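Since the structure comes first, as structure tokens, the remarks are kept for the end.
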Protein chains: 2
Amino acid sequence: MENIEKRNIEILESLIEAGNEDDLHDLLEAMKADEIVHAFSHLNKEQRALLLDLISSENGAKLLELVPQSQAVQTIEEIDNETAASILNELYSDDQVDIIAELDEEDANAILDEMIPAEAENVRKLIGYDSDCAGGLMVTEYLAFEADMTVGQITAELQQKADVYEDYHVQYIYVLEEGRFLGVLQMRDVVLSRGNTKLRSIVNTKAFTVRDSDGLDDLIEFFHKYDFFGVPVVDEQEQLLGLVLRRDVQEAESGRSNYEMLETQGIVGGEELRTMPVLLRSKRRLSWLSVNILLNIIAASVIALYQDTLEQVIALAVFLPVISDMSGCSGNQAVAVSLRELSLGVVKPYELARVLWQEIKVGLINGVVLGILIGIAAFLYQGNGYLGLVVGGALAINTIVAVSIGGTIPLFLKKLNTDPALASGPILTTVTDMLGFFLALTFAGMAMGYLV
Amino acid sequence: MENIEKRNIEILESLIEAGNEDDLHDLLEAMKADEIVHAFSHLNKEQRALLLDLISSENGAKLLELVPQSQAVQTIEEIDNETAASILNELYSDDQVDIIAELDEEDANAILDEMIPAEAENVRKLIGYDSDCAGGLMVTEYLAFEADMTVGQITAELQQKADVYEDYHVQYIYVLEEGRFLGVLQMRDVVLSRGNTKLRSIVNTKAFTVRDSDGLDDLIEFFHKYDFFGVPVVDEQEQLLGLVLRRDVQEAESGRSNYEMLETQGIVGGEELRTMPVLLRSKRRLSWLSVNILLNIIAASVIALYQDTLEQVIALAVFLPVISDMSGCSGNQAVAVSLRELSLGVVKPYELARVLWQEIKVGLINGVVLGILIGIAAFLYQGNGYLGLVVGGALAINTIVAVSIGGTIPLFLKKLNTDPALASGPILTTVTDMLGFFLALTFAGMAMGYLV
């Protein structure tokens with residue numbers, strides 16, 4: 001596996017250097033999608049640009065559809081405008097817009113100027129939409145006919161323009177009444193009708209539509225409820241604008257949850273690929289780390305306030321990092337469950353009290369168990385049961401607080417319209433670090449006579 | 001919003017208590033999918049069972065398709081076998097199998113015995129497949145005809161059984177040659193052909209198929225490469241077994257990445273919903289926490305080895321938890337990027353050296369920046385520049401190590417066929433805690449003369 005992949009990359013590189021178009025075409029045809037994605041990410045800027053120059057714009061478009069979007073954007077930036085435009089011409093409208101929206105304005109306009117005018121105009125119209133609403137997710141490659149046309153007429157039209165429609169999503173035919181959306185036909189309705197039947201007489205006018213301004217949540221909700229392949233998008237005047245595919249909604253949904261996953265681990269500002277410049281990667285990670293180190297130092301300052309206690313019971317210094325870390329772990333479990341429940345819709349931001357109670361119950365059990373475990377460790381370390389009680393008691397109480405905060409803070413942040421995936425972790429650990437240190441050192445102060 | 005939702009739940013509950021079937025039906029019809037999911041998760045066992053008894057099995061099936069799968073399973077367990085069977089009869093074969101596979105054997109058999117024999121037999125056939133392979137993901141509701149039939153014959157058949165086929169995924173018609181898969185027809189091929197045309201003469205025999213044993217990665221790869229709605233599944237003898245829909249592959253993929261996300265945060269053994277029993281939730285979380293506390297105690301024992309040093313420079317105790325926490329944060333960022341790159345396929349498990357080098361570069365920059373920040377804090381705290389150097393130097397070096405380990409360990413674990421999402425975090429933090437404590441305390445020992 002490893003050797004085949006490495007050889008593929010080497011062959012790809014040498015064909016690019018040699019400018020061997022035919023063999024390149026054959027190689028790409030023979031490689032699996034996943035091998036192409038992998039090999040492409042190993043090429044440097046110049047090689048990528050050369051490759052896209054060498055292959056047809058159609059194959060270039062297929063390639064850019066395969067690779068992660070940030071890489072597609074990067075690549076479009078690196079090649080000349082003419083090649084970029086001819087590749088973009090081949091993409092579906094939603095992919096065109098996704099890529100062009102990421103370019104700086106100058107590049108975007110230069111490329112749009114080189115594109116087929118109708119395609120460019122379409123992109124300029126669509127680019128105003130937020131990428132997570134129906135207008136931003138829709139494709140404009142759909143079939144629509146006026147209601148007065150007959151089955152025979154549209155069959156003829158379909159046959160005549162078969163090459164254009166080949167790539168269209170032709171599960172549905174939309175029927176219009178003077179440009180306004182009237183209803184939908186399925187291919188099988190056409191199959192089962194005579195040639196002279198007017199579309200008006202067979203159209204299903206009870207078809208659902210969504211508004212161009214509808215958000216991703218509405219669309220997820222829609223496709224959750226209805227088992228459709230796609231849904232037509234209309235504007236305020238019921239003019240048909242495009243078609244949102246289930247596939248694209250699912251992709252947007254999974255993109256959002258990946259983004260969320262990366263955020264909980266401190267990757268902010270979008271997906272990081274290691275092919276991105278080191279300074280950009282470093283800067284993005286630091287933006288989160290530097291907030292975190294500040295919060296950490298604030299939390300640790302609690303320890304500084306109890307330096308006297310600590311000096312007398314130095315053994316506590318061994319357990320403070322454990323208390324801090326374990327409380328973070330317990331709390332983050334609760335954060336993960338809340339983020340998941342929020343995204344499944346089984347819990348709502350206003351249900352703080354309910355979640356709090358559900359977490360307190362788990363926190364009680366887990367706090368006691370973890371408290372006993374660390375208490376035993378502390379006892380064994382110094383042979384002093386009171387040290388065990390101090391450390392175990394602090395962790396037990398802190399665990400209950402940690403899961404309570406962990407479970408509720410995502411709901412609270414969501415209520416405030418803040419991003420719960422990003423902020424929950426840092427807030428949680430700051431609070432539980434401070435409280436954990438405070439509890440352990442205060443308990444130690446109270447039990448001082450038995451500890452030294 | 002809040003009030004409407006609360007009222008919906010109350011109305012739902014009172015209609016269930018009253019056993020008012022008609023109003024229940026109207027209410028469910030009027031509620032949005034997302035409201036139904038939310039309200040359903042607020043019902044208790046008895047209410048859920050009553051609800052499913054009251055509504056039609058068709059509506060019951062729709063309901064169970066909406067809610068998270070673990071909840072659907074739980075609900076099926078709670079209702080009587082007859083109702084369960086009649087609801088399961090209405091589900092697509094893949095959903096039937098997903099639910100029945102989660103039941104214990106006795107329940108499963110009891111329900112299967114109550115199901116329509118053909119449906120039950122189908123489930124028994126499918127249940128042997130792993131849920132993440134083509135056989136486990138396919139539906140068996142598809143259209144297939146022998147190649148010798150004519151367009152007219154199948155059109156008549158479609159018209160006649162319109163009610164059965166209504167729910168089928170009829171974008172494609174599969175053509176068989178004595179039961180063996182021959183090729184595929186699209187509805188439009190049928191539209192454009194005369195009634196007396198034999199399927200054999202218009203069938204596309206270059207159609208792709210997948211094998212029932214093909215795994216999820218193969219299917220993701222397939223739908224990545226080809227823009228199809230679904231793909232036929234065949235066995236070794238090229239017998240047609242079913243149809244895998246793009247939608248179901250996307251759902252399985254996003255399920256896997258959610259599972260991974262939960263694992264990185266310490267939720268193991270499957271999705272946790274707060275409606276699950278407290279003891280189960282507690283036990284699952286503890287299974288991960290108790291491993292972690294052990295690792296934490298092992299790491300902290302490094303501090304115990306240097307107790308003398310710490311006694312002399314008690315100020316270090318303030319910074320040890322910061323070093324531990326920050327190294328964990330930096331390392332987890334690298335873990336997240338690696339997990340993401342692995343799942344995108346832009347990096348392969350054997351490319352350890354490449355990733356290591358890419359992480360060392362980021363680690364150098366971020367290590368220096370974070371080291372300076374904590375160094376300044378340490379200097380300000382005690383007015384001692386050497387303390388700043390000791391603490392800052394330890395964090396700087398430890399950050400480089402943390403991102404190097406964080407970036408490479410998921411690849412390493414993947415190479416060993418271990419689950420990288422689950423184990424990367426704990427291994428990372430144990431190593432970096434130990435090293436961080438070791439560095440800080442060793443540096444302090446070396447600079448002891450300047451610190452006290």
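Cβ coordinates come from backbone N, Cα and C, glycine included.
As written in TrEMBL, here are the features:
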type     : residues  : note
DOMAIN   : B:203-260 : domain 'CBS'
TRANSMEM : B:286-307 : transmembrane segment
TRANSMEM : B:360-381 : transmembrane segment
TRANSMEM : B:387-413 : transmembrane segment
TRANSMEM : B:434-451 : transmembrane segment
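Counting residues 6+ beyond its ends, the transmembrane segment (B:286-307) has Cβ neighbours under 8 Å at 266-269, 320, 324, 426, 429-430, 433-434, 437-438, 441-442, 444-445 in the same chain. For the transmembrane segment (B:360-381), same-chain residues at least 6 beyond its ends with a Cβ under 8 Å from one of its own Cβ atoms are 315, 318-319, 322-323, 326, 330, 334, 387-393, 395-404.
Within the domain 'CBS' (B:203-260), the DSSP-based counts of helix, strand and coil residues read 25 helix, 16 strand, 17 coil. Note on the domain 'CBS' (B:203-260): its mean pLDDT in the predicted model is 88.
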